[in-house]
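Engineer: The domain 'Integral membrane bound transporter' annotation in TrEMBL covers 209-339. Feature annotation from TrEMBL assigns transmembrane segment to 45-63, 70-87, 93-111, 118-134, 146-167, 197-214, 220-240, 247-264, 270-287, 294-314, 326-343.
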Amino acid sequence: MKFSDLARSLVAVNPSPRRWPVAIQAGLSMLIPVTVFALAGQLSLGAAASLGAFTAIYAGSLPRRHRMRTIAFVALGLIASAAAGVLLSFDDVLSVVGVVVVTIAAAYLCSATRLGPPGPLFFTLVYGVAAQSARPVELGGGGRDGLLVIGLVALGCVISWLIAAIVMRVPRVKWQTGPIPVVRLPRLRARADRVEVLRQVIAGTVATLVTVPFDLSHAYWSAGSALAVLAIARGSSVTLSRAVHRVLGTLVGAGLFIGIAALHLDEVGVPPGLVLALVLGLLQFGVEMTVVRHYALALVMITPLVLLIAHAAHPSDPVPIALQRLAETIVGAAVAVLVGLATRPLANRAAAADAAGR
């Protein structure tokens with residue numbers, strides 16, 4: 001990919017189908033649980049429940065009934081990811097192993113079911129944030145009761161599913177209708193799909209292992225970055241472009257997170273936390289409105305969104321958190337580019353074999 005093409009991608013605005021119905025669903029799915037728990041004086045619980053809001057960002061192009069079934073399965077996957085994080089949170093080594101296992105499972109299922117964007121990324125992130133919330137205090141975690149964490153994520157998923165169901169029935173939204181296809185067992189039918197899963201698994205695993213010597217408890221972030229770059233991108237030029245967008249967007253977003261955290265929005269409002277709930281909802285809305293048009297701009301919002309959720313669930317110094325996430329993003333993006341280049345011949349052969357019908 002030429003430097004001029006890469007530079008052009010940073011200022012270009014891509015065409016996009018209408019995104020506001022999905023953006024509204026996602027924003028409300030984030031806003032409502034955080035607001036409810038803030039009103040109850042339990043903002044940190046609302047932050048954990050907000051992880052379920054990622055249910056609403058999937059399958060935005062499917063007909064209504066088909067989408068409702070699809071995001072129900074997404075919700076189950078997010079809950080399972082949170083449960084895995086909780087179950088393995090008592091041991092740092094097992095928690096890292098869990099990152100790899102969740103990466104493999106999410107990459108396979110997302111590809112085999114053709115789930116589409118944003119792919120396996122959020123299953124890995126939910127796993128990591130849930131693990132950090134439930135990890136014992138002596139290991140640097142939040143010490144939250146594991147069953148409570150799982151229950152909160154499940155509650156957030158249910159809220160998100162219901163919001164999606166309601167919004168899609170609003171006449172003004174004009175959501176498309178259509179038949180529901182028969183449920184089939186997930187299966188990778190094309191060789192190219194199998195290669196794509198292999199690339200994601202290798203990249204996620206390598207990114208995790210590279211990060212481990214520096215921080216066992218947050219290896220999921222580098223794995224998530226690698227998945228985000230590779231899961232949607234096919235072709236080395238697209239992979240490189242997404243990697244650069246991700247790093248630059250995370251850089252600006254990390255600075256934005258530090259600035260927002262310095263305002264102590266968790267203490268603002270009557271009761272405290274209402275302003276933070278509004279900010280989280282607006283950030284989630286903004287992500288969905290921009291993610292197709294400009295990936296780096298979306299990262300400027302999704303980075304503080306995820307970091308604010310983690311910070312509210314388990315408060316700590318925001319500057320080291322932001323710097324560490326930036327470093328892990330660079331690691332994950334670099335690994336994704338290298339894996340993409342190394343496996344390019346294999347991907348080309350698989351695509352050729354599929355085209356030839358072999």
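The backbone N, Cα and C atoms fix where each Cβ goes, and this holds for glycine too.
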Engineer: If you count every Cβ pair below 8 Å, which range out of 70-87, 146-167, 197-214, 220-240, 294-314 shares the most with the transmembrane segment (93-111)?
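Structural biologist: Answer is 197-214, with the largest number of Cβ pairs below 8 Å.
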Engineer: So which of 45-63, 70-87, 247-264, 294-314, 326-343 has the most C-beta pairs under 8 Å when paired with the transmembrane segment (197-214)?
Structural biologist: 326-343
Engineer: Near the transmembrane segment (326-343), which same-chain residues lie under 8 Å Cβ to Cβ, leaving out any that are not at least 6 residues past its ends?
Structural biologist: 195, 198-199, 202-203, 206-207, 210-211, 214-215, 218-219, 221-230, 233, 236, 239-240, 243-244, 246-247, 250-251, 254
Engineer: Same chain, outside the transmembrane segment (45-63) by at least 6, Cβ under 8 Å from its Cβ: which residues?
Structural biologist: 17, 19, 21-22, 25-26, 29-30, 33-38, 70-71, 74-75, 78-79, 82, 115-116, 118, 122, 125-126, 129-130, 133, 144, 148-149, 152-161, 163-164, 175-180, 273, 277, 280, 284, 287-288, 309-310, 312-313
Engineer: Do at least three C-beta pairs under 8 angstroms join the transmembrane segment (118-134) to the transmembrane segment (294-314), pairs 6 or more apart in sequence?
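Structural biologist: These two stretches do touch.
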Engineer: Using a Cβ cut-off under 8 Å, which residues of the same chain at least 6 positions beyond either end of the transmembrane segment (247-264) come close to it?
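Structural biologist: Tertiary neighbours of the transmembrane segment (247-264) are 10, 225, 279, 295-304, 307-308, 311, 318-319, 321-323, 325-326, 329-330, 333.
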Engineer: Take the transmembrane segment (70-87) and find every residue of the same chain, 6 or more past its ends, with a Cβ under 8 Å from one of its Cβ atoms.
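Structural biologist: Same-chain contacts beyond the ends: 51-52, 54-56, 58-59, 62, 95, 98, 101-102, 106, 109, 113, 115, 122-124, 126-132, 134, 146-147, 149-150, 153-154, 157-158, 160-161, 164.
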